[in-house]
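This report refers to the structure that appears directly beneath it.
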(Lines of atoms letter the chains of each structure in order from A and count residues from 1; the text may use other names and numbers.)
(Lines give C-alpha, C1' and ligand atoms only; values in the text may rest on other atoms or scores of the structure.)
Protein backbone atom coordinates (compact mmCIF):
# COMPACT_ATOMS: atom_id res chain seq x y z
CA UNK A 1 0.00 0.00 0.00
CA UNK A 2 1.36 3.39 -0.93
CA UNK A 3 1.43 6.45 1.26
CA UNK A 4 0.04 9.86 0.31
CA UNK A 5 3.56 11.25 0.63
CA UNK A 6 4.50 9.07 -2.34
CA UNK A 7 2.41 11.50 -4.38
CA UNK A 8 4.28 14.60 -3.24
CA UNK A 9 7.52 15.56 -4.94
CA UNK A 10 9.39 17.34 -2.15
CA UNK A 11 12.31 18.12 -4.47
CA UNK A 12 10.28 20.62 -6.51
CA UNK A 13 11.31 24.24 -6.05
CA UNK A 14 7.72 25.34 -6.74
CA UNK A 15 6.55 23.48 -3.62
CA UNK A 16 9.23 25.19 -1.51
CA UNK A 17 8.26 28.62 -2.89
CA UNK A 18 4.57 27.99 -2.21
CA UNK A 19 5.22 26.95 1.40
CA UNK A 20 7.36 30.05 1.93
CA UNK A 21 4.71 32.33 0.43
CA UNK A 22 2.01 30.75 2.59
CA UNK A 23 4.10 31.27 5.74
CA UNK A 24 4.92 34.89 4.82
CA UNK A 25 1.61 36.54 5.73
CA UNK A 26 1.22 35.13 9.25
CA UNK A 27 4.81 36.13 10.01
CA UNK A 28 4.17 39.70 8.87
CA UNK A 29 0.82 39.89 10.67
CA UNK A 30 2.84 40.00 13.87
CA UNK A 31 4.53 43.43 13.88
CA UNK A 32 7.58 42.35 15.87
CA UNK A 33 8.23 39.23 13.81
CA UNK A 34 7.74 41.23 10.63
CA UNK A 35 10.18 43.86 11.81
CA UNK A 36 12.74 41.21 12.79
CA UNK A 37 12.48 39.56 9.38
CA UNK A 38 12.87 42.94 7.68
CA UNK A 39 15.86 43.69 9.94
CA UNK A 40 17.48 40.43 8.86
CA UNK A 41 16.87 41.25 5.19
CA UNK A 42 18.21 44.82 5.49
CA UNK A 43 21.26 43.71 7.50
CA UNK A 44 21.98 40.89 5.03
CA UNK A 45 21.68 43.24 2.06
CA UNK A 46 24.11 45.59 3.80
CA UNK A 47 26.65 42.78 4.08
CA UNK A 48 26.20 41.98 0.38
CA UNK A 49 26.57 45.69 -0.49
CA UNK A 50 29.79 45.98 1.53
CA UNK A 51 31.17 42.82 -0.06
CA UNK A 52 30.41 44.12 -3.56
CA UNK A 53 32.00 47.48 -2.69
CA UNK A 54 35.17 45.77 -1.49
CA UNK A 55 35.28 43.54 -4.56
CA UNK A 56 34.87 46.57 -6.82
CA UNK A 57 37.72 48.38 -5.07
CA UNK A 58 39.96 45.33 -5.28
CA UNK A 59 39.66 45.50 -9.08
CA UNK A 60 40.58 49.21 -9.23
CA UNK A 61 44.03 50.79 -9.57
CA UNK A 62 45.82 52.28 -6.57
CA UNK A 63 46.44 56.04 -6.58
CA UNK A 64 48.99 57.23 -4.02
CA UNK A 65 47.53 60.72 -3.33
CA UNK A 66 44.20 59.13 -2.32
CA UNK A 67 45.94 56.75 0.08
CA UNK A 68 45.37 58.44 3.46
CA UNK A 69 45.44 55.73 6.13
CA UNK A 70 45.42 58.01 9.19
CA UNK A 71 42.49 60.03 7.92
CA UNK A 72 40.81 56.70 7.10
CA UNK A 73 41.30 55.46 10.67
CA UNK A 74 39.65 58.58 12.07
CA UNK A 75 36.77 58.49 9.62
CA UNK A 76 36.15 54.79 10.19
CA UNK A 77 36.23 55.14 13.98
CA UNK A 78 33.89 58.14 13.87
CA UNK A 79 31.55 56.57 11.32
CA UNK A 80 31.35 53.28 13.17
CA UNK A 81 30.73 55.10 16.45
CA UNK A 82 27.83 57.01 14.89
CA UNK A 83 26.28 53.87 13.37
CA UNK A 84 26.69 51.58 16.38
CA UNK A 85 25.62 54.17 18.95
CA UNK A 86 22.52 55.06 16.94
CA UNK A 87 21.59 51.38 16.71
CA UNK A 88 22.11 51.10 20.46
CA UNK A 89 19.96 54.19 21.13
CA UNK A 90 17.14 53.10 18.82
CA UNK A 91 17.13 49.37 19.49
CA UNK A 92 16.31 46.78 16.85
CA UNK A 93 12.79 47.97 16.04
CA UNK A 94 13.82 51.63 16.03
CA UNK A 95 16.74 50.91 13.73
CA UNK A 96 14.96 48.64 11.28
CA UNK A 97 11.75 50.49 10.42
CA UNK A 98 9.61 49.37 13.32
CA UNK A 99 7.42 52.42 12.69
CA UNK A 100 6.36 50.77 9.41
CA UNK A 101 4.88 48.01 11.57
CA UNK A 102 3.26 50.38 14.06
CA UNK A 103 6.04 49.90 16.61
CA UNK A 104 6.73 53.41 17.85
CA UNK A 105 9.19 54.70 20.41
CA UNK A 106 7.83 56.47 23.47
CA UNK A 107 9.75 59.66 22.63
CA UNK A 108 12.25 60.86 20.05
CA UNK A 109 15.86 59.99 20.83
CA UNK A 110 17.73 63.23 21.46
CA UNK A 111 20.91 62.01 23.16
CA UNK A 112 24.13 60.92 21.49
CA UNK A 113 24.54 60.49 18.55
CA UNK A 114 21.33 62.28 17.62
CA UNK A 115 22.54 65.43 19.36
CA UNK A 116 25.44 65.48 16.86
CA UNK A 117 23.45 64.80 13.69
CA UNK A 118 19.83 63.94 12.96
CA UNK A 119 20.95 61.05 10.71
CA UNK A 120 23.92 59.35 12.37
CA UNK A 121 23.46 56.06 10.53
CA UNK A 122 23.51 57.66 7.10
CA UNK A 123 26.46 59.95 7.77
CA UNK A 124 28.36 57.34 9.78
CA UNK A 125 27.94 54.83 6.97
CA UNK A 126 29.08 57.42 4.42
CA UNK A 127 32.17 58.13 6.54
CA UNK A 128 32.95 54.41 6.67
CA UNK A 129 32.71 54.05 2.89
CA UNK A 130 35.01 57.06 2.48
CA UNK A 131 37.42 55.59 5.03
CA UNK A 132 37.73 52.34 3.07
CA UNK A 133 38.35 54.27 -0.17
CA UNK A 134 41.08 56.36 1.48
CA UNK A 135 42.64 53.39 3.27
CA UNK A 136 42.89 51.48 0.00
CA UNK A 137 43.89 54.51 -2.09
CA UNK A 138 41.12 53.99 -4.65
CA UNK A 139 39.64 56.84 -6.71
CA UNK A 140 36.75 54.54 -7.65
CA UNK A 141 36.02 54.29 -3.93
CA UNK A 142 35.63 58.08 -3.81
CA UNK A 143 33.15 57.88 -6.69
CA UNK A 144 31.18 55.11 -4.99
CA UNK A 145 31.24 57.07 -1.73
CA UNK A 146 29.73 60.00 -3.61
CA UNK A 147 26.95 57.65 -4.73
CA UNK A 148 26.42 56.60 -1.10
CA UNK A 149 26.26 60.26 -0.05
CA UNK A 150 23.77 61.20 -2.79
CA UNK A 151 21.63 58.10 -2.10
CA UNK A 152 21.40 58.90 1.61
CA UNK A 153 20.83 62.60 0.94
CA UNK A 154 17.93 61.75 -1.41
CA UNK A 155 16.55 59.27 1.13
CA UNK A 156 16.57 62.02 3.76
CA UNK A 157 14.74 64.37 1.40
CA UNK A 158 12.17 61.63 0.79
CA UNK A 159 11.75 61.00 4.53
CA UNK A 160 11.20 64.69 5.35
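Glycine is treated like the rest: Cβ placed from N, Cα and C.
TrEMBL does not curate its annotations; it predicts them automatically.
The topological domain 'Lumenal' feature in TrEMBL is assigned to 1-12 (among others). Residues of the same chain lying 6 or more positions beyond the ends of the topological domain 'Lumenal' (1-12) include none with a Cβ under 8 Å from any Cβ of it.
Taken from TrEMBL, the feature transmembrane segment applies to 34-52 (among others). Outside the transmembrane segment (34-52) by six or more residues, the chain places 27-28, 92-93, 95-98, 100-101, 103 with a CB less than 8 A from a CB of the stretch.
Summarising the annotation, TrEMBL assigns transmembrane segment to 72-91 (among others).
According to TrEMBL, the S-adenosyl-L-methionine binding site annotation covers 77, 78, 79, 159, 160. Residue 77 (S-adenosyl-L-methionine binding site) counts 13 other C-beta atoms within 10 Å of its own C-beta, drawing on all protein chains shown.
A Cβ distance under 8 Å defines the sequence-distant neighbours of the topological domain 'Lumenal' (94-136), meaning residues of its chain 6+ beyond its ends; these are 31-32, 34-36, 38-39, 42-43, 53-54, 57, 62, 66-69, 71-76, 78-83, 85-87, 142, 144-145, 148-149, 152, 155-156. Taken from TrEMBL, the feature topological domain 'Lumenal' applies to 94-136 (among others).
The transmembrane segment annotation in TrEMBL covers 103-123 (among others).
Residues or ranges marked as transmembrane segment by TrEMBL: 135-155 (among others).
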Using a Cβ-Cβ cut-off under 8 angstroms and a sequence gap of six or more, which residues of the chain neighbour residue 159 (S-adenosyl-L-methionine binding site)?
none
Neighbour tally for residue 78 (S-adenosyl-L-methionine binding site), based on other Cβ positions within 10 Å of its Cβ:
17
Using DSSP and collapsing to three states, where does residue 159 (S-adenosyl-L-methionine binding site) fall: helix, strand or coil?
helix
How do the residues of the topological domain 'Lumenal' (1-12) split into helix, strand and coil according to DSSP?
4 helix, 0 strand, 8 coil
